[in-house]
């Protein structure tokens, strides 16, 4: 019969160290911690098998297909330096295993099942190489960085934002007032907090109306294009699209979505709607730390970032390197480049395991947000460069004189940093001096400098190589 029942070692079929990877393969780098007594080759092969064609025992229907054509292969294993019993297992998946244009299906296949596997003590997906043959089946970001700049008519500097706080409990009218003050003071964007959806104290439609009013008023008074990220995240996809439609009817420039809690299917639907209707799409990564914070188990954020670029979003939160939230500098800049650039070289010192060629997929603006204030401005300008959104929530609304002066302080600080950089000054070394000079001409900035002169969030970064 050619069929032998029973349980076989995975490595007989799925560990293939002499395999030459194809240009069309999806490649994955897993950090594997095998259970005691399980050899690394067997653990790596088990991951390849369980995330592709394998199951725990030989089945006769294997004979009805070509395993060689469809199986995932563990083609290389290396020990992780400085860690006991941790290995990087490289797995190649044939392109045919995945549905075109579906991030949902890609994740269901690659990480859907293997993470509960008994032979592994822990498993983390560190990186994915998405071949152009697959990325070309995705629309990607609704607009991308250049189109966004053209829509907003803002060039040569990072964009400024502010999350409206307190995040929960304001009425729609008071919320709109805070939006107006921030935009009037000089910010480009204000933002719904990720958990502002449609609660009893502020229903979504009321918020959309008051925010649109605030936006148009600030626009008329400043002569600059303004935006407020209206959070369209909802309990059903239909309701989410309904909110996006209403935002479009109001004529506002941008909506927002929580892509991990909302889910990739909903996110991709919204991204398609946004491109078809000229809306920018801001993405918040609520829930990411549940998935990406543990060093030895889960999925690294650089994979979630790549997935978002495929699913679609024009902005995504990406850590600050300097504020209250997670992010080690080189690693953060690694996935910031993966979001913005067309082509990123493999660079293990930045956590990038594969060379990634995005071809013509539009880029995503990284958003730095969380515990940042005016004293951070030189560092942020230097680290993130022009193509970024810098968001100061408390760093705007916490200003002793109010929201609009808080916005003024941030705008003055940003313009000072950009100007100093363009004159060739070293922001890393002279940053504090640049802010102090600017504060002489701006009482709002001087007051902000005084309030936050001693604030530090000093904890070691968790996201290390």
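Glycine residues also receive a Cβ, built from the backbone N, Cα and C atoms like all the rest.
Per Swiss-Prot, these features apply:
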| type | residues | note |
| --- | --- | --- |
| ACT_SITE | 165 | active site, proton acceptor |
| ACT_SITE | 284 | active site, proton acceptor |
| BINDING | 113, 163, 167, 285, 317, 369 | substrate binding site |
| BINDING | 191, 193, 194 | Mg(2+) binding site |
| MOD_RES | 4 | N6,N6,N6-trimethyllysine |
| MOD_RES | 191 | N6-carboxylysine |
| SITE | 324 | site 'Transition state stabilizer' |
Length of the line joining the Cα atoms of residue 163 (substrate binding site) and residue 194 (Mg(2+) binding site), in Å: 9
From binding-site residues 113, 167, 191, 285, 369, the one whose Cα lies nearest the residue listed as 'N6,N6,N6-trimethyllysine': 113
Recorded positions near residue 193 (Mg(2+) binding site) (Cα-Cα within 10 Å), from 167, 284, 285, 317, 369: 167, 284
Nearest of the recorded positions (113, 165, 285) to residue 194 (Mg(2+) binding site), judged by Cα-Cα distance: 285
Set of same-chain residues at least 6 away whose C-beta sits under 8 angstroms from residue 165 (active site, proton acceptor): 193, 393, 394, 397
Sparsest-packed of the listed binding-site residues (113, 163, 369) - C-beta count within 10 angstroms: 113
Coarse DSSP state, helix versus strand versus coil, of residue 317 (substrate binding site): strand
Any further residue of that chain within 8 Å (Cβ to the Cβ centroid of 191, 193, 194) of the recorded Mg(2+) site: 163, 164, 167, 192, 195, 196, 229, 231, 256, 284
